[in-house]
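Trainee: Please find one structure pasted underneath; my questions will follow.
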Amino acid sequence: MAISRLIINHFRNLTAIDLEFERGFNFIIGNNGSGKTSLLEAIFYLGHGRSFKSAVANRIISYQQPHFILHGKIQEQQHQWSVGLQKQRQGNTLMKINGEDAKKISDLAHLLPMQLITPEGLTLLNGGPSYRRAYLDWGLFHHNASFYNAWSSLNRLLKQRNSALQQVCSYEKLKIWDRELTKLAYQVSYWREAYAEALRSEIEKTCQLFLPELEISVSFHQGWDKNMDYADLLQQNFERDRALGYTFSGPQKADFRFKANGLPVEDILSRGQLKLLMCALRLAQGEHLMQQKKRHCIFLLDDFASELDQYKRTLLAERLQKNGSQVFVTAITQEQLQQIQPEKHRTFYLENGRIKDL
């Protein structure tokens, strides 16, 4: 997938922008506060229906404006799509694909698989398990057409069960939820484990490129003891769950853990090494999607030079160029990108929310 054109209206300090992008690399240069990250945020929003910076729409809509509008032209081989999204201050979201109303954010997300690499993205490694579950679930969403409905049903059932836990006095009244919950828990966990295993070799191979001095290993944990039947566990833990007010064990506690030389990566790696590992994980997942589904990810790299030396920046850029992805890269100066000269690229300069092609 590639975005060939993007129109932005009233998104943060980007009041009126119309851009045509290169299918390869797009460099966005500007000082701090110029709107570089906001441009990446707008692209991300178009593909996810949410921001990676703020959950509050009013902070994203330009001052004294009722809404923001994003409109994009998307191309993949011989196919083209027109997508649009409007977010209003009242919270309403309007979406269109090829002129037709789109009711689900997942419709946009399916069209625009994206990998985001930002300085804050280290939470994938040093944050809680939810960040790593999201990493696995992103891959399954794009690989397995049945996953999203099962995942949505699982989350809905967990919410219903947690609400019921605060009202019931005996386990008998929970059985109606637990029969279906158990079925979905096993299905989602099976898919997660299979995907993690399929991704393992790609991760280890890519990590050898970026961190050859380390032996990186990965392991999947489903969220409860594999030797326990989940239905039995739910019944056994009823009193504890009721006291807590939520379901303690299950796929909502799953984790995908990383070790370097046998130790947790967050305990022994420097911040620079963690960023390299995070880049390797994002790259490996994007390349796995290309290999399995023949679909290219769009890569968004914010503050490209941060914590990466020139050699590693060049290595990452060469790998992205090789796999044929569309890439958006922000930097403060052109000098930070001087050794990265992909065959297909375009450079934009951003100042006070206004952008021009160089």
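Using N, Cα and C of the backbone, Cβ positions are placed for all residues, glycine too.
Quick paste from Swiss-Prot:
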| type | residues | note |
| --- | --- | --- |
| BINDING | G30, N31, N32, G33, S34, G35, K36, T37 | ATP binding site |
Trainee: Which ones in the same chain are close to N31 (ATP binding site), with CB under 8 Å and 6+ residues apart in sequence?
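Mentor: Expected: I332, E351.
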Trainee: Name them in sequence order: residues not among G30, N31, N32, G33, S34, G35, K36, T37 whose Cβ is within 8 Å of the mean position of the Cβ atoms defining the ATP site.
Mentor: S38, T330, I332, L350
